[in-house]
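> Sharing a structure with you now.
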Amino acid sequence: MHTVFRIGEIRKIDEQSPLYQVDLKLTSDDDQQLRQLTDCIREESSGSTGWYRMGKLLLQISQFDKAEELYTALLEQASNDSDKAFIYHQLGSVKQDQGQYKETASFYEMSLEIYRRTLPEDHPSLAPAYNNIGQMYYNMGDYSKALEFFEKAHKIKEKALPPNHPDLALSYNNIGGVYHKMGDYSKTLEFYEKSHKVKEKALPPNHPDLASSYNNIGQVYDHMGDYSKALEFFEKARKIREKALPPNHPDLAISYNSIGAVYSNTGDYSKALEFYEKSQKIREKALPPNHPDLAISYNNIGAVYSNMGDYSKALEFYEKSHKIFEKALSPNHPDLATSYNNIGEVYYNMSNYSKALEFFEKSHKIREKALPPNHPDLANSYNNIGGVYNKMGDYSKALEFYEKSHQIYEKALPSNHPSLATSYNNIGGVYNNMGDYSKALEFYEKALKIREKALPPYHPSLATSYNNIGQVYKNMGDYSKALEFYEKALKIKEKALPSNHPDLASSYNNIGQVYNNMGDYSKALEFYEKDLEITKKALPPNHPDLADSHLAFAACYERMGDYAAALKALRSAFQIQQQAFQEGNPAFSFTYSRLGRVYRSMKDYSKALDNFEKCLAIDEKTLPEKHPDFGITYSNIGDVHRLMGNYEKALAFHQKALNIQENIQCNPLECALTYMNLGETYREMKDYSKALTYFEKGLEIRENKLPKNHPDLAVVYHNMAKLYLATQKYSMAMKNIQQAVEIAQEKLPSTHPHLLEYKETFEKIRKKM
């Protein structure tokens, strides 16, 4: 043995000095781990000449431009097929690391063509060629092709190598990685565990490659939603790395990063930040300032701040990450597209949809140039753009982009891949917003079927499916079905997530909304309290979700007629939004709308009008001209004018609402509400024929779109009963009020204000007959 030391710790002598102190420990001649490491390095750095060894080294230290320059010079001097094949192969590796997949394919194909022409089909030299081509297809998102080439490489290795050779472990690992991308987690685990068994036999117990193996297995459990198992394997990886590596080694940063991801997924954002920052500190010390791994660290920290609702901090870290990517990568590198995408997501969460669209489209342009047309990342781009159009109320555009995304997923992924479920889910969401509940259910159920097959029974994505189906049933007025699915979602979350996870809060909020719609206000408040308690513990005091919790209370208090409590809750929501958002953010629009509703119920019509007009002013600045929300706001303003006796103004605003609702693709139930408001206006104006026309239009939509016992149908029947009472058509009045009472008795609690009002109208009609 030569004189070899283990590096213990590297640290600056002091802050002013440019010198570092390195603590060393002398190894002995019988150090088994050192012997294995030396043999491994000799094998990895082997090559026919020094220049060839230099090229390999440049690749290993990520000096891709210099490696390309060297291999291009060597290619000009190459005199035989063997050297050319090797150099083409290495140039392919350079291009792959640079993210230039088309050039990668060209070099690998030239290399493979020579090898196939000059070597027998099971020659060991073909294995790395097949392996790298497999890696290329993996990066391009063509997973079936990647699997084909990884398996070709594996067959050669199985014949040529002893059963515990580390290259076999690498082969199992690559195949496992493809199954991971394809969403087949049981197959992934099978191959990762095969890889791990080989490594356990071939390597010493504290070898860093064993840590990588534990880390990979942990990632599978993380994606399966089994966060305790994931953490268990990530911790095993970390323990090895802390023993085997110096404290500032980049692989330790990977471990801290993985552990941070689990805490982020379980909603423990302070813990997530702690580990992501540990990872960042190591990378800042160990890597050059423009290294892409440092950008990944900034990116992860940005994601945590985004989840915490601190969007300015999130943007700060995403932009740090982006600057590194711009310097370190080619302008069309896929990682740069991911960076634009992340910034777009922050603007999306901030409801700045024009900015979000700008960044999503930048991301999309890079992916179109850099990736093949069926790459899943392109589907992700279409998906994000579709999400913006959905929020902007342009449902036809949203469907167009979601369907583009879905077509790619269908071609690129197996039929039960979780991403296909997400795709069905998104399309279902648009139909839900459009009020086409049967279509929404159809797509949500397709998503559920995939998730039930592909995921373990307590995966959070299954809860998402149950939640979405519950939401459709709630919108359809089938509250017992809505509760059934919301409670299924809650059971999964209670088992899969820690007790203070924000997703648990959202489940309590959803169940509270159902009880609120059913008029069971004490139950609604009970679940809203649970939501608020978790949200206060889990999130910072200015997080937008906390404002949403207060808005839920406001809606409940408004229905209960406790307007003082409703106003208090709305002011709490407004104060949080003022801290979380800039003035004029669309979030304020909803709060002003709610304030308008409360003041309208309090008969303070000037304040109601003031708030509805503030809502309109924000919508005019932030939404496209024909957004469905304008229809709702115009109708609300029109209703206040009706209550103030300004019937001409009321009619003008209701007509403005209809001009939007009748001419764009939106939820027809919103149009039905405007018809109802117009009917009420004409009824008060004693123009009973026009009133009846609009009531019937509203009734037709609600009868087509809602179950026959939906409480909103009872509202129409009640309004028509009052109309027939005013026109002395008592038998028609009785028929309608009986329908209203029957629905209310079936669907609402006995103390619900609507039921009491219907019974009062029933008595008035009965006395007239």
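Using N, Cα and C of the backbone, Cβ positions are placed for all residues, glycine too.
Automatic, uncurated: that is what TrEMBL annotation is.
Per TrEMBL, the features are:
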type	residues	note
REPEAT	127-160	repeat 'TPR'
REPEAT	211-244	repeat 'TPR'
REPEAT	253-286	repeat 'TPR'
REPEAT	295-328	repeat 'TPR'
REPEAT	337-370	repeat 'TPR'
REPEAT	379-412	repeat 'TPR'
REPEAT	463-496	repeat 'TPR'
REPEAT	547-580	repeat 'TPR'
REPEAT	589-622	repeat 'TPR'
REPEAT	631-664	repeat 'TPR'
REPEAT	672-705	repeat 'TPR'
REPEAT	714-747	repeat 'TPR'
> Out of 127-160, 295-328, 547-580, which stretch touches the repeat 'TPR' (379-412) the most, going by CB pairs under 8 Å?
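Ranking 127-160, 295-328, 547-580 by Cβ pairs under 8 Å to the repeat 'TPR' (379-412) puts 127-160 first.
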> If you run through the repeat 'TPR' (631-664) with DSSP, how many residues end up as helix, strand and coil?
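Tallied per class, the repeat 'TPR' (631-664) gives 28 helix, 0 strand, 6 coil.
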> Work out, from DSSP, the number of helix, strand and coil residues along the repeat 'TPR' (463-496).
31 helix, 0 strand, 3 coil
